[in-house]
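K.L.:
Sharing the features that TrEMBL gives for it:
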ACT_SITE  Y122  active site, proton donor
ACT_SITE  K193  active site, proton acceptor
BINDING   R175, N430, N474  (S)-malate binding site
BINDING   E265, D266, D289  divalent metal cation binding site
DOMAIN    99-280  domain 'Malic enzyme N-terminal'
DOMAIN    290-543  domain 'Malic enzyme NAD-binding'
TRANSMEM  20-39  transmembrane segment
Amino acid sequence: MEKEKKTILLMLYTVARSPLLCVFLLLSCFLLFSGYTLLRDPHFNKGLAFTENERDAHYLRGLLPPSVIPQETQVKKMIQHVRQYQVPLQKYMAMMDLQERNERLFYKLLIDHVEELLPVVYTPTVGEACQKYGSIFMRPQGLYISLKEKGKIREVLRNWPEKNIQVIVVTDGERILGLGDLGCQGMGIPVGKLSLYTALGGVRPSACLPITIDVGTNNEKLLNDELYIGLKQRRATGQEYAELMHEFMTAVKQTYGEKVLIQFEDFANHNAFDLLEKYRSTHLVFNDDIQGTASVVLAGLVAALKLVGGNLADHRFLFLGAGEAGTGIAELIALETSKQTNAPLAEVRKNIWLVDSKGLIVSSRKDSLQHFKKPWAHEHEPVRNLVDAVNKIKPTVLIGTSGQGRTFTKEVIEAMASINERPIILSLSNPTSQSECTAEEAYKWSQGRAIFASGSPFPPVEYEGKVFVPGQANNAYIFPGFGLGLIMSGTIRVHDDLLLAASEALAAQVSQENFDKGLIYPPFTNIRKISAHIAANVAAKAYELGLATRLPQPKDLVKFAESCMYTPSYRSYR
């Protein structure tokens, strides 16, 4: 607030010889100082928490009821308000409304009640919000860049009021969670992800920019919906798409510099891999679906080894799903195994098998496979269905990234349980409706022996007198701390070793108490501490690799990470 006041006063002094401009600026100054404007600015609004002195100093008398209520009491009131709604989408809308009215209270509420509210502002509720975005759309959030802006993208970026951007989350809406093409309505994903960058990773809200690239949609329902907010045309592809994305990537770097993190989110497979490969050597880019998912799953597997024993090299992995998430996880497992054993990457890949819509990926299919599947085509007879693949490959770990609900059937789980004393079963597809199996099914069909985690949350399960607490392999464990580590070290490129560093840091945060409950991830209640440790480990690796530009390196990176974190407590206004 003081900065804005000084800026306007300096402008007044500079243009004192222009009476008309002076009048305009005086009016702007009055509006800036007026309480009415202050109450309607979510960055500065404190509601009833404005003190008596602040109400006098900022013309707030009469604009608020006389009671002064501290932020802690406001948090209690707001959580009661959110809890009164039974429908998750209504809770989501209540949280978004709060974010648009009082930014600091929104983040304070989310941090204090993170386990309860994470499923509201993020998966699974955000999926439904995207599906219905046209009907619940109230106020624009983020930047919409469509084909109409081709040739003017840098100009569009300048329209965003904040100039010191550190993180951009961008989607084109073609593959939203497991829900498919939602076009422009995919904006809920970047908005939700960046809320977590702030709440869980401590990145300042003003440094975050959500962006949707609108190139059309192939969703017939949306094309025929009068409430659809995006371009009503079929998706641009090929050169037209590539040119728009290249202009966007160039404009971002020109506008915000070398060190701005660009996180790709929910792009379809064919574009996700190409964009990551094309820009990873020239930009600071990160694909959460490929790399973030891989890092959080690897952390869970490293932690699970303390329950089942052995090293990664001792285990055999079978995936249902060979898209961005599946191949990304498989590759990171292979990289970590190779690092631990000094074995060639091609050799360790032989312990990792993938099943796609046509069955087990084997050498005889190599000519017809997409390029990102080819490293996983091993010598084996063709196998059409999953249960046969389980019986033939005999995996110790079963991982679902298919986006197809209820595909881990009773026969599949029972087969895993017959092969392994403690089968590791990860049902990662989002939202909940697309999960390959539920927690209850995994525990029941394995006679309570499974080590289970899922992408979306499931409640605790009681089986034969014992309560099992399912873990959640949620990307929110990784990307906020990962991004903070890149930002605080001034890292200019993402290297695979940084992802391994993030996984190792997360796995190290799982306590014996967590293991005793069957958990392979720590509770979200400690997420900001976890994020600080991840950020420190990522930054340390970036310094080691010569990728960090912030010099000298801080002595205590964990404390430095904590000092960099945004806190949503109210500020005092003079």
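Glycine is treated like the rest: Cβ placed from N, Cα and C.
TrEMBL labels come from automatic prediction, so no person has curated them.
Fair warning: this is a prediction, and the values are worked out from it, not measured in the lab.
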K.L.:
For a quick check of packing: other C-beta atoms within 10 Å of the C-beta of R175 ((S)-malate binding site), how many?
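P.N.:
There are 24 such Cβ atoms around R175 ((S)-malate binding site).
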K.L.:
If you draw a 10 Å sphere around the Cβ of N430 ((S)-malate binding site), how many other Cβ atoms fall inside it, taking every protein chain shown into account?
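P.N.:
Excluding its own Cβ, N430 ((S)-malate binding site) sees 25 Cβ atoms within 10 Å.
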K.L.:
Tell me the Cα distance separating N430 ((S)-malate binding site) from D266 (divalent metal cation binding site), rounded to the nearest angstrom.
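P.N.:
Cα to Cα, D266 (divalent metal cation binding site) and N430 ((S)-malate binding site) are separated by 12 Å.
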K.L.:
Of the recorded positions K193, N430, N474, which sits closest to Y122 (active site, proton donor) by Cα distance?
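P.N.:
Comparing Cα positions, the candidate nearest Y122 (active site, proton donor) turns out to be K193.
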K.L.:
If you draw a 10 Å sphere on the Cβ of D289 (divalent metal cation binding site), how many other Cβ atoms land inside?
P.N.:
23
K.L.:
Compute the centroid of the Cβ atoms of E265, D266, D289, then list the same-chain residues not in that set whose Cβ lies within 8 Å of it, in sequence order, for the divalent metal cation site.
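P.N.:
Other same-chain residues with Cβ inside the cutoff are T171, R175, I176, I189, F264, F267, A272, N287, D288, E324.
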K.L.:
Check the Cα distances from E265 (divalent metal cation binding site) to each of the recorded positions R175, K193, N430, N474 and keep only the ones within 10 Å.
P.N.:
R175, K193
K.L.:
Could you list the residues of the same chain, at least six apart in sequence, whose Cβ is under 8 A from the Cβ of N474 ((S)-malate binding site)?
P.N.:
L118, Y122, T123, V296, G455, P457, Y521, F524
K.L.:
My understanding is the cutoff is Cβ-Cβ under 8 Å with a sequence separation of 6 or more in the same chain; which residues meet that for the residue listed as 'active site, proton acceptor'?
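P.N.:
Counting only residues 6 or more apart in sequence, the Cβ neighbours of the residue listed as 'active site, proton acceptor' under 8 Å are Y122, V169, P210, Q263, E265, D288, F479.
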